[in-house]
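**Q** One structure coming up, written as structure tokens, with questions to follow.
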Amino acid sequence: MNRPSLAWKLYIAAFYVFLFAPLLIVAIFAFNASPFPSPPWRGFTLEWFTGSGAAFGKPGVLTDPVWLSSIGNSFKVAIPVALLAVLVGTVNAWVLERAEFRGKTFLAMMMLWPLVIPGVVLGISILAFFSRLANGLEDWLQTDLDFLRPGLSLVILGQLSFILTISTLIIAARLRKFDRSLEEAAFDLGASRTRVLRTVTLPFLRPSLIGAGLVALLMSFENFNTTLMLVGSDAPLPITMYGQMREGATPAINAVSLLLMLGVGGIASVFALTAKAER
Amino acid sequence: MMQKPAQRLTLFLLLAPAILWLGLLIVLPHVEILVLSFSERVAPRVYAFGFRNYLEFFTEPLYWRTFARTAFMSILVTALTLVLAFPIALYIARVAQGRVKAMLLLLCLLPFWVSELVRTLGWMMLLRETGVVSYILRAVGAADQPVELLYNDGAVILGLVYGGLLFMIVPLANALESLEPAVVEAGFDLGGSRWTVLRRIVIPHAMPGIVAGCIIVFMLTVGNFATPVLLGGKNGLWFTEQIYAQFITRFNWPQGAAFGMLLLLLSSAIVWLGLRLTGQSLGTTLKQA
């Protein structure tokens, strides 16, 4: 089994070509000087990134308000999601690893549950439940509660519903490895509970907090299924991309995709580095 | 054991976020769509309990056929993904060493950090009538007019398999990693052929990884929306699309809720069946991945 046959090696090579072909095509055609994202190659241009629309009638990503606002919307969702995921994830990890109470196994299982629910179903259930909640509360309070209606705030809640599971798992895995005698030593030396938390426990958890935050950021940026059911008029990036792909887009969509790949690559390498520091 | 009130309060405060999360974002919303799915409109703005939404599903061929098609194609995609991924995982886990190994695994991970929509865009640009493959076929003279490779079942399956590969390779490679080389050697020494060793030793050992990978790929495939819709076009016919249509386009929420419950049922049933057949628990399975 240690001498791979030629056929096996060729298969591996073909597999990696297959894996990267679509991404390479997307990246290459971001620089094609043509109004359509398709061959033939008509020369190199940066028009689809920075162009004002003078050359092809359609602007590049960085000057197009549609793309810019959807990138902005994605950040408006991803940043709160990442912060809340780390905060709540830490508390949840604490509950799972440190607290003792009846029904803990059940709670731990419930926390895994969101991972086996299809994203579309998560989306519609949250949409339906919050609409009912909004209807009830609006009748009662006699005010408009727009944040419970489809829109960015609902997208944040929808994404949190399953991203919290991931962040909890990441942070709990780190907390499990913590040597509690370190905390005891600090207590013996007279440190208060908050001081121990701040100077001993949290610094130990830091790589996993950063890691969980970055993973949450990425998952939020890329989530499509749940987001699709909960968006209002402000579309985050994946929703705008989906719309453009159905209608037929300009190579500006390739430029957005390339920027996304670079951003994701950057975040992923930071994550890989923090993961390495953790070992 | 009696606990001090202060401790109980701390525990309660620590539990509060988890309970709010699971209660408000998971449990109550699912109760809501369960209730919604059993309500039918009896007059404008008046709803009553009833099974009409589920009856509608069984009597309208488009609905149950799309459902059956989604289930069948998802199983096919899962099987294809497993067959395609196995040699790769075996190579990564058993043959590749040191740097090459880390490199191969990293290269597998990279495309999956990128948005599903970017990957789908890549396949659209390759496969469509004005796309790269069609262009190359014409350039080398294999075709004399543009070839449309998009908007058929093949394209949908290709896109879904592509999207599932990583989630198969990682659990498989993890499971194969722990296989003792001595056991494989022993199999050969006892006169087993390559095929026999693979079938009697390697595959049984990888079973936990195979189950984990299959379950994850199946769940992701059944619940996928963008890939079948974009690569299949009108011929995509995926069940998630029906849910979307009922909820967003037609604004028939009770019907959409019933569809959602059915999708959840299908997804959970297959996961449960897979775990049952191989006697594994969900926790350990998710850990494999």
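Here the Cβ of each residue, glycine as well, is placed from N, Cα and C on the backbone.
Relevant sequence annotations retrieved from TrEMBL are reproduced here:
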DOMAIN    A:71-271  domain 'ABC transmembrane type-1'
TRANSMEM  A:12-31  transmembrane segment
TRANSMEM  A:77-95  transmembrane segment
TRANSMEM  A:107-131  transmembrane segment
TRANSMEM  A:151-175  transmembrane segment
TRANSMEM  A:196-221  transmembrane segment
TRANSMEM  A:252-273  transmembrane segment
**Q** Counting Cβ pairs under 8 Å that sit 6 or more residues apart, are there three or more between the transmembrane segment (A:151-175) and the transmembrane segment (A:12-31)?
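**A** Output no: the transmembrane segment (A:151-175) is apart from the transmembrane segment (A:12-31).
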**Q** Within this structure, do the transmembrane segment (A:107-131) and the transmembrane segment (A:252-273) have 3 or more Cβ pairs under 8 angstroms, counting pairs 6 or more apart in sequence?
**A** no
**Q** For the transmembrane segment (A:12-31), find every same-chain residue at least 6 residues outside the stretch whose CB is under 8 Å from a CB in it, and list them.
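**A** Apart from its flanks, the transmembrane segment (A:12-31) reaches 37-38, 44-46, 48-49, 251, 254-255, 257-258, 261.
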